[in-house]
Amino acid sequence: MDPLRLLLPRAQAQPLLPLPDGVPAPSVRPRHVPRRRARRHRNGAARMLPASAVASESPWTEQEPASGEKEERFDWLDQWYPFAPVEDLDPGAPHGKMVLGIRVVAWYDRGAGEWGVFDDACPHRLAPLSEGRIDDKGRLQCVYHGWCFDGRGACKFIPQAPALGPPVHTNSKACVASYPCVVQNKILWFYPRAGPEHRDVLQRKPPPFIPEIDDPAFVTSFLVRNFGLWLHKITPRWFDHIGVNVQERNFAKAGIENWQKSVYVPTSSDGTVVAFRNWFRRYCKFQVGWAAPTVDQLPATPTKDKLMDRYWSHVAQCTSCSAALKAMKALEVALQVASIAVVGLLAVAKGTLLTSVAQRAVVVSAAVLCFAASRWLADFIQKNFYFEDYVHAYK
């Protein structure tokens with residue numbers, strides 16, 4: 001049973017679990033509203049919930065399968081997964097992510113004019129291809145030793161191989177695993193199995209597709225329309241992600257098996273969430289089917305700023321660098337104080353000492369230069385004494 005069917009219109013996806021008598025089924029059917037009519041609806045009053053939408057007690061309980069019924073398990077690797085919205089991907093650089101324990105890299109093949117998703121490990125020495133770049137011929141290049149791959153994952157160039165020697169780059173061991181992928185509804189999807197038997201998976205089992213989403217005349221409404229401008233135009237997209245990790249920690253405290261006892265979901269608006277939780281319990285036993293087991297021998301991979309931190313790895317232990325850092329920070333503060341003092345002098349001596357326009361221009365220029373020098377020095381201190389990121393794709 002596929003949980004992504006919950007996202008489809010009701011005509012294409014029925015409720016996953018039978019609902020009690022008298023309880024309305026949750027509907028996620030989008031409405032096709034003409035644009036002119038939709039604008040009039042924005043100015044209308046908010047509708048009141050019908051009395052039948054609220055129940056006196058939580059009716060959402062799962063029906064256990066019959067004793068003789070064969071238990072069905074969900075195959076996590078036989079599904080399509082969204083990699084990222086295409087608008088968030090830079091075609092000029094590779095992008096790495098981890099999905100179900102699989103490290104993958106997405107990059108744009110200029111020759112084929114399409115996105116590709118590879119295993120994020122060069123077959124040479126397992127360096128991450130997501131740290132590489134797109135070369136001048138539009139190939140994905142590993143930054144470690146310069147191996148280059150085309151959109152199918154075949155190795156096209158090995159710099160260390162003799163030009164007149166055997167074509168070692170044509171060996172199958174030099175290829176990188178390529179996953180089926182497709183751009184649909186402005187989202188890059190990929191299928192986490194790379195074997196040759198899965199090359200036709202797009203034809204026999206495509207990702208969940210709602211054609212109306214790509215139709216510019218189609219309007220969907222999940223919130224009060226009066227706030228649409230503020231929520232979707234003015235508010236930045238990253239603002240919606242703030243605090244999303246709080247709920248999962250609260251569930252972890254109560255225990256995922258006891259989630260129904262920890263919450264109160266009496267209305268039909270909670271139906272989709274409850275149906276998913278029941279599906280997760282019945283078909284997955286509250287377990288995610290990770291593709292690779294957790295490696296307990298190694299610590300968690302640190303972020304770049306911690307991995308390449310210069311202060312704690314060297315500056316704090318080096319007396320020369322520590323003294324230089326202290327002096328530069330003092331100079332930064334002095335420049336900022338000087339810029340403020342010069343502006344104050346200009347305000348005090350406006351009608352006395354500084355009588356000409358040229359004199360005032362010199363004072364203003366000195367204040368601007370002091371402030372600019374302090375900001376340049378702050379950036380210099382950060383890059384040389386703390387951390388400077390190095391993105392190979394842009395170098």
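Cβ coordinates are placed from backbone N, Cα and C, and glycine is handled just like the others.
Where the annotation comes from TrEMBL, it is an automatic prediction and has not been curated.
Here the structure is a predicted model, which means the values were calculated and not measured.
The following features are taken from TrEMBL:
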- 29-44: compositional bias 'Basic residues' (COMPBIAS)
- 81-190: domain 'Rieske' (DOMAIN)
- 17-71: region 'Disordered' (REGION)
- 330-349: transmembrane segment (TRANSMEM)
- 361-378: transmembrane segment (TRANSMEM)
- DSSP-derived helix, strand and coil totals, residue by residue, for the domain 'Rieske' (81-190): 12 helix, 43 strand, 55 coil
- Query: What mean pLDDT does the predicted model reach across the domain 'Rieske' (81-190)?
  - Reply: 93
